[in-house]
Each structure stands twice: as C-alpha cells, then as structure tokens.
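Student: Take a look at the following structure, please.
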Amino acid sequence: CVRHSSCCTFTFSLKTGRLKFRLTGYPRKHNEGRIEVFYKDEWGTICDDDFSLANAHVLCRQLGFVSATGWAHSAKYGKGAGKIWLDNVQCSGSEMSIALCKSRGWGNSDCTHDEDAGVICKDERLPGYTDTDNVQVDEYRIEEVRLQPVVSMVKRRLPVTEGVVEVRFKGGWAQVCDNSWTPKNSRVICGMMGFPHERKVNKSFYKLYTERQKNHFLVHSVACLGTEMHLAACPLEFNKGNATASCPGGVLPAVVSCIPGPLYTHSLTSVRLKGGTHQGEGRVEVLRGSEWGTVCDDRWNLQAASVVCRELGFGSAKEALTGARMGQGVGPIHMNEVQCSGQERSIWNCRFKNITSEDCQHTEDASVRCNTPYMGFHKMVRITGGRSQYEGRVEVLSLDVNRTQRWGLLCGEGWSTREAMVVCRQLGLGYANHGLQETWYWDGSNVTDMAWSGVKCVGDELALSQCQRHKVFSCQKTATRFAAGVICSETASDLVLNAPLVQQTVYIEDRPLHMLYCAAEEDCLSKSAAKANWPYGHRRLLRFSSEIRNIGRADFKPKAGRHSWVWHACHGHYHSMDIFTHYDLLSLNGSKVAEGHKASFCLEDSECQDGVAKRYECANFGDQGITVGCWDLYRHDIDCQWVDITDVKPGNYIFQVVINPNFEVAESDFTNNAMKCNCKYDGHRIWLHNCHIGETHMT
C-alpha cells in the first residue's frame with residue numbers, strides 16, 4: 001500500500017495487478033451507483049450478501065470520497081455483467097482496501113447479478129485527493145432525461161406527454177438521433193416520465209420544426225428491449241467527438257408521445273399500493289377472490305415492480321423495495337418469488353409461487369416507488385414561518401382582481417386535518433400531523449392578505465386547487481393569526497380493526513339499568529334510555545370485542561396533550577380522545593337505526609408482535625398511544641363496548657365500526673378504518689357474516 005503525500009486514499013496493489021473501482025448504473029448521481037471492481041483485467045460486481053455501511057465506507061474512500069451515507073441492495077442501479085468478484089464481504093470500516101476485508105475470496109460467489117450492491121458516498125472529496133488512477137469516470141453517463149415540447153401552448157400544460165427526447169450533458173441539453181428508433185425505446189422513455197404506455201407520433205409535424213433548429217446530438221443510436229427502467233440501461237452509441245455533429249444519414253431528433261394513465265382516479269384493478277408517503281409508492285397488495293393480500297419480497301426486483309407501476313397507470317419503477325419498507329400488511333400473503341419479464345400487463349401474468357405461512361412473514365412485504373408525471377403542484381402552495389420545512393402558515397398562489405399572481409393566506413375557519421393532508425401531499429412532505437386554525441405563534445412573512453376561504457377537501461386530492469372553496473371570499477376572522485397552518489411528517493400511523501375477532505365475539509346482553517349509570521354519563525346509550533324507569537328495567541346491548549392494530553410507520557398518539565385529557569371519575573380513567581370509534585347499526589339503505597360511540601378509555605399497547613416492545617400503558621397517568629406493530633384490545637365486557645339496540649326491530653342490517661372517525665389523528669390510510677358486516681337479528685340472537693374492512697372514501 002502506498003500513500004500519496006496528503007492524499008488519504010490508497011492505491012492497493014495485488015500480485016494480479018492494481019485494483020480499480022467505478023460507480024455505474026442508473027439512475028444515479030456522480031457519487032452513487034453500482035460498485036464495480038477491476039481485477040485480473042476484468043470488471044466485475046460485488047454481491048449484496050452481508051453487505052453493510054462499513055463496507056460502503058471502505059469502498060467510498062477508495063473512490064476518493066470521505067465516507068458513505070448509505071448502500072443499496074438488489075441491483076438498485078441495474079444489473080451488472082460478467083464476473084461477481086466478491087461475496088459475503090464483511091469490513092470493520094477501517095480497512096485501507098476492500099481486499100483486506102473478510103469475504104469468500106475473489107471470484108467465489110453463489111449470487112446472481114440481481115444481488116449487485118451499490119453505494120452512496122458523501123459528496124465530499126478526501127483532502128488533497130488527486131490520484132484518480134484507481135477510479136474510472138464515465139464522461140458519457142446519462143442521468144437525466146426530459147421530453148421537450150415544441151408548441152408554446154403545450155409547454156404551459158402539465159404533465160408533458162409528448163416532445164423531443166433530450167439528455168443532460170455538461171450543464172446543457174443534447175438530443176438523441178431518431179436512427180432506427182423503435183416503440184421499445186419510446187416505452188422506456190415514457191416509463192421514466194411516469195406514463196404506462198407509448199403511442200405513435202406525427203413525425204411530419206416535428207420535421208418542419210426541427211429542420212429550423214440547431215440541434216446538439218449526443219446519442220446516435222438506442223437499442224432498448226423495452227423492459228429497462230432507464231435510458232442509461234439500454235445499449236447506446238455515443239457521438240464521442242463533437243456533440244454538435246449531425247445524425248448519420250441526416251435523420252432527425254427522436255420524438256416520443258406517451259399515453260397518460262388513469263392517474264389519480266380509482267379504476268378497477270386487482271393491485272393497489274398502501275402505506276406510501278407520496279403518489280405512486282407503497283406496499284404492493286393484490287386481490288385474490290375477494291380478499292386483499294401482500295406480496296413476499298423473495299426475488300422482488302425492478303421488472304416486477306415496473307409491471308405493478310404500469311398496471312396502476314404510472315410509469316416504470318424507480319425502486320423495488322423489500323423488508324416491509326412501506327409498513328407491514330395484514331391478512332394473507334398471496335404471492336412469492338414473483339418473476340416478470342417487464343412486458344406483462346398485470347402482475348398476475350408473471351410467474352409466482354403460492355406460499356404458506358412458513359415461507360414468508362409480513363416483515364418481508366414488497367413495496368415499490370413508481371415514476372409519476374411532473375405536475376408542478378408544489379409551485380402553487382408554500383408554508384412559511386415554522387420552525388422547520390415541515391410546518392408553517394399555508395400560502396397559495398392566486399390571481400388578484402388585476403389578474404396578477406400573488407401569494408395569499410387561507411382563512412383558518414373550518415380548516416382540518418383533511419385539508420392539511422392535501423397541502424403536505426402537494427408539497428411532497430408526507431402526511432399531516434395537524435391542521436391548525438390559528439398560527440399566531442409562528443413568524444409572519446410579508447404576506448398578510450387572505451386569498452381563499454371555505455376550503456373543504458375530501459383528503460385524497462393532489463392539490464388544494466382540486467378542493468372546494470368559496471367563490472366569494474367570506475371569513476369572520478381575517479387577522480394573520482387566524483390563517484390556516486399545517487404540521488407535516490414523513491411517516492404516519494395506520495390503524496386497522498381485526499374484523500374476524502368482531503365476528504367471533506358478538507352476542508346480545510340484556511343489562512340492568514342500575515349497572516349502566518356510568519355508561520349513561522358518557523352518552524353510551526340510545527336516547528330512549530333517558531325516558532326509562534331508572535333504576536328498573538334493562539337495555540338490550542349488542543356486545544363484541546375489538547382489537548385495533550397499528551400497521552403504519554409511526555405510533556398512533558392522541559392529538560391532545562395529557563394536560564387536556566378529561567378525567568372520568570365514574571370509570572376512573574382519563575379520556576385522551578372524545579371520540580375514538582363509532583359503532584353503528586344501519587338499515588340496508590345505509591340509514592342509522594342504532595348507534596354507539598367510544599371515547600378512548602385508554603389507548604395502550606395490550607399486546608405486540610414478536611420483537612416489538614410495549615411503549616404505552618395507561619396506569620398511573622402514563623402515556624397513551626399504540627406503538628407500530630402493537631394492538632389495543634377492548635374486551636366485550638367493558639362499558640360502552642356495544643351498540644344499544646333496545647329499540648331495534650328484528651330484521652337484516654349492516655353493522656359498522658369506524659376507527660378515528662373524525663380524522664383527529666393523522667394516518668397514512670383512512671380507507672381501511674371502517675369495518676362492515678352483514679347482520680341478522682331475530683329479536684333474541686344476532687349473527688354477523690361477511691365482515692370486511694371497507695374500501696371506502698373519506699366522506
């Protein structure tokens with residue numbers, strides 16, 4: 001090992017020759033990529049088995065960077081070719097070279113290129129780093145691609161679905177020759193732009209335009225298979241001389257037209273994404289029969305992820321994530337070892353294995369991040385005055401009476417978590433922890449006038465402009481302190497009810513009135529109870545147990561701090577939420593015939609899955625909440641765990657339970673908060689059947 005003056009990198013020499021390293025693959029920046037090693041006159045990769053951040057530190061230093069900030073598995077930057085030089089590499093992090101770390105030895109591997117490792121280095125060079133002999137820099141790598149529209153009207157319309165293909169090169173943009181351009185090439189470009197399919201383009205129109213332009217061609221030919229996730233993964237022929245040279249044969253720049261998917265609409269499909277922070281990402285769930293289930297991550301890769309993305313109307317996949325990165329699902333796991341070519345129309349057309357509970361657990365649920373169209377929504381709203389980028393007073397860009405764009409505040413009256421959810425999503429800041437109607441405690445900006453009032457959102461909109469609002473501004477409190485605000489978070493809880501347990505534990509009890517005084521104080525009985533001959537007589541109660549699990553990525557905690565919790569002396573506990581669940585008996589046309597509600601008697605971790613420790617316990621005024629991976633059990637025999645059906649006639653009904661019905665606490669998914677069952681009541685007994693978690697919109 002030879003140290004070069006003040007340079008802290010090392011050129012490591014072996015008897016077989018000096019090692020060289022390079023970062024390659026797609027899509028990537030200059031300080032990240034698939035790590036490749038030049039050994040015995042041949043480039044090869046490193047397997048991700050036993051890979052760690054310590055390994056990445058050693059490799060990044062050999063590449064001339066100060067350290068690593070992360071690493072990637074499962075060929076995130078694409079599959080390499082040729083040798084897999086190292087496997088089961090285990091470094092302490094202090095080694096001078098990867099060759100000094102433990103491994104199976106050079107060329108000894110049982111991996112495939114689906115397991116190629118990548119590294120993300122800190123974008124800071126080692127002091128005095130000048131020796132780049134051991135690092136190969138690819139001057140002609142392609143990182144960024146765009147479609148450049150040529151019609152002025154189209155340039156202002158988003159998303160851009162058609163235009164000249166351009167690639168970023170040396171601080172500018174260069175074109176790609178339309179030399180033997182194929183629909184497969186267009187499919188790859190459209191996938192990168194967030195669109196599922198390509199279509200034919202009117203080349204004669206573009207010929208007139210491009211003949212008048214000065215073009216700069218970097219790529220002379222492209223030969224994609226159509227399954228690649230990025231243009232850089234296709235075989236490319238670069239013009240390595242003068243990038244202004246014309247295309248061979250005088251052909252024109254490549255032009256692509258894409259078909260936008262049914263974005264942001266709820267089309268019928270047998271696959272869905274759950275638990276993601278942004279549009280086009282989440283845990284993959286597939287529908288088999290009438291039951292949704294997850295996909296195990298064994299052999300999960302970008303080809304399979306892209307099939308899912310395109311099936312949902314997005315483009316190709318940016319990432320295929322493993323290890324329940326988007327939270328653990330519940331219920332069955334329908335698929336394992338999914339293998340797709342990338343051309344399939346549905347994940348169900350791919351090869352896969354049916355599994356048993358011994359094969360996979362929900363800790364192995366597969367997830368995806370898809371390419372989505374650029375819509376520019378984030379430019380129309382901003383938050384200011386907060387302590388971090390995740391909180392602040394909401395400001396929107398709107399037109400004043402002179403048709404001039406200006407920033408304005410939102411009236412805080414009626415502002416809730418639903419509206420805040422839309423703002424956080426629009427800005428790419430995840431979920432809404434709080435929607436605030438007063439923001440006097442935040443620093444003010446120079447924006448003091450209010451622009452919108454009466455904003456009402458369902459909660460799943462992509463931008464505030466898609467929500468309802470007053471046509472004529474009307475706000476009682478127009479001072480800046482009453483402007484709407486938000487607090488966003490990258491993660492959120494996700495509560496789901498154990499539907500089978502409800503169905504198994506339901507029964508009817510005739511409970512004497514003298515045992516219901518506390519329940520009456522908490523308004524847990526129907527209105528007719530007030531006219532009863534207390535303490536004589538009884539109430540007929542539909543009773544059941546409920547187990548509420550947190551399958552999200554953040555703990556579920558009451559919105560109100562403990563200083564504002566209400567002590568209930570009769571039951572001897574604190575209420576941290578006024579309404580935690582609604583219990584309703586509905587007629588077959590959806591109208592309520594009986595209802596119950598439950599305050600949060602005590603939110604705590606009753607039980608947790610293996611490896612998860614309890615955090616919340618109500619005893620001694622303890623913290624209340626539900627930890628990720630834990631559940632809160634409300635037994636059938638506690639007060640208010642019922643619906644008062646004293647006045648209900650025999651017949652067929654729908655029984656419904658809704659958790660967090662007022663959206664008081666942020667969740668990543670509110671569509672799984674409702675459970676519905678078909679209910680038969682003969683006047684003496686009650687039966688529940690076909691209980692399922694409702695796939696309903698927030699209303």
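Note: Cβ is positioned from N, Cα and C throughout, glycine not excepted.
Automated prediction, rather than curation, is the source of TrEMBL annotations.
Note that this is a predicted model, so its numbers are computed, not measured.
Below are the features listed in TrEMBL for this protein:
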- Cys47-Cys111: disulfide bond (DISULFID)
- Cys60-Cys121: disulfide bond (DISULFID)
- Cys91-Cys101: disulfide bond (DISULFID)
- Cys224-Cys234: disulfide bond (DISULFID)
- Cys296-Cys360: disulfide bond (DISULFID)
- Cys309-Cys370: disulfide bond (DISULFID)
- Cys340-Cys350: disulfide bond (DISULFID)
- Cys457-Cys467: disulfide bond (DISULFID)
- 21-122: domain 'SRCR' (DOMAIN)
- 151-259: domain 'SRCR' (DOMAIN)
- 271-371: domain 'SRCR' (DOMAIN)
- 381-489: domain 'SRCR' (DOMAIN)
Student: Which number gives the other C-beta atoms within 10 angstroms of the C-beta of Cys91 (disulfide bond), all protein chains shown included?
Tutor: 22
Student: Inside 10 Å of the Cβ of Cys457 (disulfide bond), count up the other Cβ atoms and send me the figure.
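Tutor: Around Cys457 (disulfide bond), other Cβ atoms within 10 Å: 23.
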Student: Within the chain of Cys234 (disulfide bond), which residues six or more apart in sequence place their C-beta under 8 angstroms from its C-beta?
Tutor: Asn185, Val188, Val222, Ala223, Cys224, Leu225, Glu228
Student: Of the disulfide-bonded residues listed here (Cys47, Cys111, Cys296, Cys309, Cys360), which is spatially closest to Cys457 (disulfide bond) when Cα positions are compared?
Tutor: Cys309
Student: Whose Cβ, among the disulfide-bonded residues Cys111, Cys224, Cys296, Cys309, Cys340, has more other Cβ atoms within 10 Å than any of the rest?
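Tutor: The residue with the densest Cβ neighbourhood is Cys309.
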Student: Within 10 Å of each Cβ, count the other Cβ atoms, then let me know which of the disulfide-bonded residues Cys47, Cys101, Cys121, Cys360, Cys370 comes out lowest.
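Tutor: If we count Cβ atoms within 10 Å for the disulfide-bonded residues Cys47, Cys101, Cys121, Cys360, Cys370, the smallest count is at Cys101.
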Student: 10 Å Cβ neighbour count around Cys60 (disulfide bond)?
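Tutor: Within a 10 Å radius of the Cβ of Cys60 (disulfide bond) lie 26 other Cβ atoms.
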Student: With helix taken as DSSP H, G or I, strand as E or B and everything else coil, how many residues of the domain 'SRCR' (381-489) land in each class?
Tutor: 16 helix, 38 strand, 55 coil
Student: Considering Cα atoms only, can you say which of Cys111, Cys309, Cys340, Cys350 is the nearest neighbour of Cys467 (disulfide bond) among these disulfide-bonded residues?
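Tutor: The smallest Cα gap between Cys467 (disulfide bond) and any of the disulfide-bonded residues is with Cys309.
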Student: In the predicted model, what is the mean pLDDT computed over the domain 'SRCR' (151-259)?
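Tutor: Averaging the confidence scores along the domain 'SRCR' (151-259) gives 82.
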Student: Counting across all protein chains shown, how many other Cβ atoms sit within 10 Å of the Cβ of Cys350 (disulfide bond)?
Tutor: 19
